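Novice: In case it's useful when we look at the structure, here is the feature table from TrEMBL:
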- 27-400: domain 'Major facilitator superfamily (MFS) profile' (DOMAIN)
- 28-53: transmembrane segment (TRANSMEM)
- 65-86: transmembrane segment (TRANSMEM)
- 93-119: transmembrane segment (TRANSMEM)
- 125-145: transmembrane segment (TRANSMEM)
- 152-176: transmembrane segment (TRANSMEM)
- 182-202: transmembrane segment (TRANSMEM)
- 223-245: transmembrane segment (TRANSMEM)
- 257-276: transmembrane segment (TRANSMEM)
- 288-306: transmembrane segment (TRANSMEM)
- 312-330: transmembrane segment (TRANSMEM)
- 342-369: transmembrane segment (TRANSMEM)
- 375-395: transmembrane segment (TRANSMEM)
């Protein structure tokens, strides 16, 4: 999920940043609130697509563009807007971007047409693309270097918590009221996050100025490019299936099925985000990427086998969520290391790569659903995930040779 020419993620304390110590735990936790709000908006789409499509007279694949365009906007907005906002006070950027996201999400909830909905989703994603990387970099800057993985895990935990609480609650409201209520809920969460940030003492200091070319500097390193490519492919494989859970499970799980499955995914994701950061610190990111990515792909492959089994389905989906978020934490850790003196810039690029994967997965998944139904979605996920792991492994082999 804020690139800058001065590395805010480095061990040295940024100008104006608070001293690290025992008092940093609460500020780091507060920085996860924005990820919770934006995560609710991102992940709730999968559970409301059938209702949204029916209400607006669309195919499910076309309705899935609500996820595709927002993920694509997030990917582009992170580097571009981050460069434009260089040297701004970090606290002001955190609050302003989350407030803008909330306003755009409220507009999406009230959108009279699909076109208005898409525009609101794009603008909201642009705001989120500023907020989340800045929050992640601020969290990393608030802790010692040895705890960077844990700090990233806390911010990522805000997004995974959105799948445990926010997205399932949004799906429930959508079932009781309308898909619009789900987006309205995300807007309420964002408003609450703005209030907490206004009352808290987080994100002191300024964003060091940087140009777009400086923010893209890490892509000159082949190892970073390969790592980002692996992120795109594995996340595309996962999200190509996740985006259409509402369609995939509706015939066998009933109206409450997607929300319950999302909660299981989110519970696993919360564990993966938390322990993924810790394990990346202890085991090394290279090994964890392979383990988590392999487990993710295996879980997606098993999904059709357990889709109608109730308890087994929830276990597999929880494992899928754990692996997906452990993979994300490991890749964040990996680009921090490979980025060198541009580590925080690499964080923003990996966040962008994650959302490129989300966009590609949602787009390809929509094409599969519209042309062949939801059945082949798992094959799509396995193919993309396996390609990402092969790419990751190729980098390891090149380094060892």
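Even glycines carry a Cβ here, placed using N, Cα and C.
Computed from a predicted structure; not experimentally measured.
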Novice: Do the transmembrane segment (288-306) and the transmembrane segment (375-395) share at least 3 Cβ pairs closer than 8 Å, excluding pairs fewer than 6 residues apart in sequence?
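Specialist: Contact criterion met.
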Novice: Of the listed stretches (93-119, 152-176, 182-202, 312-330, 375-395), which one yields the highest count of Cβ-Cβ distances below 8 Å with the transmembrane segment (28-53)?
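Specialist: Counting Cβ pairs under 8 Å, the winner is 152-176.
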Novice: Would you confirm whether the transmembrane segment (223-245) and the transmembrane segment (375-395) meet the contact rule of 3 or more C-beta pairs below 8 angstroms, pairs 6 or more apart in sequence?
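Specialist: These two segments touch.
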Novice: Average the pLDDT scores across the domain 'Major facilitator superfamily (MFS) profile' (27-400) and report the rounded value.
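Specialist: Value for the domain 'Major facilitator superfamily (MFS) profile' (27-400), mean pLDDT as a whole number: 84.
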Novice: Honestly, do the transmembrane segment (257-276) and the transmembrane segment (152-176) touch, with at least three Cβ pairs under 8 Å and pairs 6 or more apart in sequence?
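Specialist: Counting Cβ pairs under 8 Å (6 or more apart in sequence), the transmembrane segment (257-276) reaches the transmembrane segment (152-176), since there are 3 or more.
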Novice: Among 93-119, 182-202, 312-330, 375-395, point out the range having the most Cβ pairs under 8 angstroms from the transmembrane segment (152-176).
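Specialist: Answer is 182-202, with the largest number of Cβ pairs below 8 Å.
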Novice: Same chain only, please: residues at least 6 beyond the ends of the transmembrane segment (312-330) with a C-beta under 8 Å from a C-beta of the stretch. Say none if there are none.
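Specialist: Same-chain contacts beyond the flanks: 149, 152-153, 156, 160, 163, 234-235, 238, 249, 253, 260-261, 264-273, 275-277, 279-280, 285, 288-289, 291-293, 295-296, 299-300, 302-303, 306, 354.
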